[in-house]
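Structure first, then comments.
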There are 2 protein chains.
Amino acid sequence: MSHKSDIEIAREAKKRPIQEIAEKLDMTFDDIIPYGHDKAKVSQDFINSVQDRKDGKLILVTAINPTPAGEGKTTTTVGLGDGLNAIGKKAAICIREASLGPNFGMKGGAAGGGYAQVVPMEDMNLHFTGDFHAITSAHNLLSAMIDNHIYWGNELAIDERRVSWRRVVDLNDRALRDVVTSLGGVANGFPRQTGFDITVASEVMAILCLSKDLADLQERLGDIIVAYTRERKAITCRDIGADGAMTVLLKDAMQPNLVQTLENNPAFVHGGPFANIAHGCNSLIATKTALKLADYVVTEAGFGADLGAEKFMNIKCRKGGLAPSVVVCVATIRAMKMNGGVAKADLGAENVDAVKAGCPNLGRHIENLKSFGVPVVVAINHFVTDTDAEVQAVKDYVEGHGSEAILCKHWANGSAGTKDLATRVAEIADADMGSFGPLYNDEMPLFEKIETVAKRIYRADEVLADKKIRDQLKAWEEAGYGDLPVCMAKTQYSFSTDPNLRGAPTGHSVPIREVRLSAGAGFVVVICGEIMTMPGLPSKPAALTIGLDEAGDVQGLF
Amino acid sequence: MSHKSDIEIAREAKKRPIQEIAEKLDMTFDDIIPYGHDKAKVSQDFINSVQDRKDGKLILVTAINPTPAGEGKTTTTVGLGDGLNAIGKKAAICIREASLGPNFGMKGGAAGGGYAQVVPMEDMNLHFTGDFHAITSAHNLLSAMIDNHIYWGNELAIDERRVSWRRVVDLNDRALRDVVTSLGGVANGFPRQTGFDITVASEVMAILCLSKDLADLQERLGDIIVAYTRERKAITCRDIGADGAMTVLLKDAMQPNLVQTLENNPAFVHGGPFANIAHGCNSLIATKTALKLADYVVTEAGFGADLGAEKFMNIKCRKGGLAPSVVVCVATIRAMKMNGGVAKADLGAENVDAVKAGCPNLGRHIENLKSFGVPVVVAINHFVTDTDAEVQAVKDYVEGHGSEAILCKHWANGSAGTKDLATRVAEIADADMGSFGPLYNDEMPLFEKIETVAKRIYRADEVLADKKIRDQLKAWEEAGYGDLPVCMAKTQYSFSTDPNLRGAPTGHSVPIREVRLSAGAGFVVVICGEIMTMPGLPSKPAALTIGLDEAGDVQGLF
């Protein structure tokens with residue numbers, strides 16, 4: 001049992017040169033583009049050259065609704081990947097990139113935890129391979145070209161009041177949420193009110209993560225709706241003429257990043273869209289590339305299964321032609337207890353009844369996941385205070401729901417703690433037991449898609465939406481966007497839209513506050529609560545204590 | 001003679017793996033941090049390990065006042081570096097990085113030209129190794145922390161009307177020149193008017209380029225003045241507490257970038273501060289590192305010698321303890337003719353009288369450069385239409401000024417065209433003929449420093465400054481900033497402040513419009529004309545035609 005912090009463990013990692021990690025996936029040094037000695041991108045030429053290969057098995061890691069106790073979804077993704085390698089399988093993991101900006105507010109974090117981490121941790125919390133900077137540049141080039149178009153005569157007749165495309169910055173900067181630009185006279189353009197979001201909220205991020213290749217990327221960028229005319233005609237990025245230049249800015253960023261786990265196994269870390277106004281998964285191109293190179297690919301989805309797995313299935317798999325062979329749902333004894341009504345301070349004491357009382361949250365996720373036609377395994381991410389009786393209670397409950405729960409100790413023991421899980425997951429994947437299908441077909445009307453998710457996944461009685469919202473959805477259907485999936489933005493803490501409603505609530509309703517069209521990414525965002533797309537810094541931001549120590553090591557970032 | 005474009009020549013380059021270029025300077029693969037296979041950074045650890053080595057000889061390339069005919073200063077820098085290598089010397093060049101943003105307005109350019117270029121051209125015009133993105137992030141983190149400080153109670157009593165620190169973006173975006181931020185209510189802070197500059201105009205850029213090491217970088221970042229209180233007390237970046245976090249964001253960017261010339265010789269391309277409101281030279285750390293690794297280091301300064309070389313000597317050399325062994329002043333026959341009154345359309349015809357009439361511009365630069373105690377050689381950068389008589393006229397004129405002019409044909413022939421120049425430059429450098437000293441000492445009052453530059457370099461009769469400006473300079477002297485050098489911001493097209501006054505004007509005066517304190521970079525900016533720190537895009541920006549072709553190559557960027 002380790003008493004070291006994640007950062008201490010990460011810094012003691014015996015990293016191997018990145019070309020050795022690439023070799024594990026049969027890539028040569030020429031097939032990768034090194035970024036330092038411990039990071040690389042997989043070259044587009046190499047990706048093109050492997051398109052005819054057979055795909056490996058895709059394994060999705062998701063979780064119960066998050067609680068303050070923590071679930072360890074990324075930790076389990078890493079641990080399962082290492083476990084598969086440890087039992088002799090050729091496996092890779094695919095996870096998301098972290099955003100730089102928020103690390104200067106709250107402390108940044110590891111990718112994973114304990115002895116199941118991806119390194120180099122520092123780089124992944126800072127500039128990494130520059131992907132997010134490229135997205136920021138591409139997004140803001142479009143912004144500048146919109147204002148420039150208006151400045152030079154506005155041939156497209158853009159209504160300056162209806163420019164929906166904002167600007168982005170990869171920082172927490174509340175002062176930029178709401179701004180007036182182009183002040184200062186004739187030479188600076190036409191003043192208008194707009195604002196900045198954080199880079200991960202950019203539609204460009206969602207597009208990069210859903211594009212199959214550079215041609216698809218440019219097509220999707222071109223489809224972005226940036227503004228409307230007075231007659232409500234949509235103006236796209238293609239109308240502005242920015243799609244080609246944006247693609248050039250993003251061509252390097254489109255190539256998946258390769259790093260390694262603490263056990264020197266390959267990890268793709270690429271893309272990081274918001275999990276509320278976007279789909280919250282790592283890039284499609286990373287997942288698809290990994291499937292060409294490894295026999296088993298373990299990936300994860302954001303938040304709990306009601307949001308993350310639902311979007312993984314209905315958005316990412318639909319658009320990418322992916323089909324998971326097995327889903328691992330992560331749960332912890334502590335989170336079960338919190339779902340069972342125990343306060344965080346009391347989580348250390350054995351409480352089998354509370355565990356049992358909390359299990360219905362897990363049970364519903366299992367049912368939901370099975371409804372996609374995929375086998376489900378529960379991973380109990382072990383914590384030191386868990387008792388045998390508590391673990392057994394979860395196992396029994398899960399067995400009663402036609403699934404199985406496996407105890408995992410990767411946080412403390414790395415791959416030695418996930419061999420059971422890895423063995424079982426590989427067996428299920430190899431047996432091809434699933435018959436994956438998304439929850440709804442493309443042809444279903446948009447409002448019915450929302451109802452389908454709300455009723456079948458959230459188990460709500462009804463969806464509440466005023467006429468304006470229903471009319472907007474109909475207008476988009478008439479404009480040709482009716483075949484898009486819906487991207488739900490609601491609280492991750494509950495099946496319902498009330499973050500305090502833990503467990504497995506029923507009888508609730510889902511009120512829709514707003515709908516937005518992400519025409520480039522290819523989904524309709526359905527907002528059911530407060531969505532913050534530009535965080536602020538706290539009164540004592542982490543930045544105040546971040547610095548280099550005398551050895552040149554970064555302090556205060558973690 | 002080549003009829004290929006710069007980009008065609010660059011794309012045909014037989015690049016060597018970057019580790020081979022590093023080996024030419026006796027660096028191993030472990031001493032560098034690769035960024036792809038053709039770019040690298042020199043690691044900070046390696047830089048630390050070579051500090052006790054003897055320095056090579058420093059050669060500055062500067063030029064006459066720029067004309068629309070072009071001079072080819074970077075081309076000559078590259079050609080001379082290749083020429084030195086061709087005659088068996090261990091030589092490296094040091095030039096500046098290009099800014100990404102402007103390439104989407106006007107087409108980007110090569111570093112050098114013809115057969116004297118640095119590659120990879122595309123990467124250097126796009127994200128390169130991410131240095132400018134890091135500068136943007138560090139700059140804007142400070143901006144966010146200033147507004148955040150005010151938001152959470154404003155303990156430092158910052159006067160919101162006197163926040164001088166703006167934000168930056170590496171794009172041409174006129175809409176951001178003048179903005180009002182923090183609109184939208186209590187949660188977004190206190191509305192105030194501010195704006196964005198382009199990243200290269202950031203004081204962080206100037207600081208990165210003048211810092212000896214990371215400790216010096218953090219010290220200088222801390223010294224930045226970001227705002228004033230109502231009582232006009234200066235508030236620094238250190239007061240805000242951002243210097244440590246900014247240093248962390250800049251730690252990779254501080255490491256010099258290594259690329260190669262078309263002839264596979266080492267080229268350091270690092271840093272790119274404005275040449276008007278800053279000093280316009282590549283980074284001090286790149287130059288100093290190159291001097292530890294090569295026997296001859298060829299570097300360049302921005303604009304003509306009146307601005308660029310003056311700042312190189314009085315700012316960069318002063319702060320870095322550098323002393324150039326020889327200065328090469330680039331001139332072209334065409335530029336001499338334009339200085340002699342010939343219109344651009346008529347430059348193709350032989351006109352020895354016009355060449356002679358234009359020579360005094362060159363002559364004055366030679367005199368000025370000699371006043372720094374350094375030997376001067378003139379490089380005549382050959383153009384196809386130059387006649388022997390025209391070339392001889394320049395050679396005769398230069399000889400009459402106690403210097404020598406050498407014809408160079410590197411644009412067409414690479415190093416074969418600069419062997420004469422390289423041989424002579426190496427001879428002079430080896431002879432240690434110079435006794436370099438800056439133009440004024442630290443103790444001289446600020447206004448006298450301005451007068452010294454204006455009278456001795458620009459040959460002006462007087463400096464015009466109203467009482468407010470003189471009082472401001474005195475106030476800075478009282479506050480302890482009197483020992484800083486001055487950084488002149490005036491037109492590059494003339495010795496005077498009138499861009500149309502070519503040749504070698506006298507009897508003019510230098511009116512000061514404004515003075516600004518760059519307390520972190522460590523100079524007082526003296527503005528004598530219109531200075532634009534945020535360009536706009538033209539009506540048909542290059543971005544409209546930039547894109548990837550079917551082979552995945554970038555089109556329209558050059």
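In case you wondered, yes, glycine gets a Cβ from its N, Cα and C as well.
In TrEMBL, annotation is done automatically, which means it is predicted and not curated.
The ATP binding site annotation in TrEMBL covers B:T67, B:P68, B:A69, B:G70, B:E71, B:G72, B:K73, B:T74. Cβ-based neighbour count (10 Å, all protein chains) for B:K73 (ATP binding site) stands at 27.
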Item to complete: Return the single residue from the binding-site residues list (B:G70, B:G72) that has the minimum number of other CB atoms within 10 Å.
Response: B:G70
Worksheet, complete the sentence: For B:T67 (ATP binding site), the same-chain residues 6+ apart in sequence with C-beta under 8 angstroms from its C-beta are B:R334, B:A335, B:M338, B:N339, B:Y493, B:R502
Worksheet item: Relative to the Cβ of B:T74 (ATP binding site), which residues of the same chain, six or more apart in sequence, are found under 8 Å away?
Response: B:I95, B:A111, B:G112, B:G113, B:E300
Fill in: Cβ neighbour count (within 10 Å, all chains shown) around B:A69 (ATP binding site)
18
Fill in: Intrachain C-beta neighbours of B:P68 (ATP binding site), sequence separation six or more, cut-off 8 angstroms
B:M338, B:K344
Practice prompt. For B:E71 (ATP binding site), list the number of other Cβ atoms lying within 10 Å of its Cβ atom.
Written response: 22
Item to complete: Based on DSSP, name the secondary structure state of B:T67 (ATP binding site): helix, strand or coil.
Response: coil
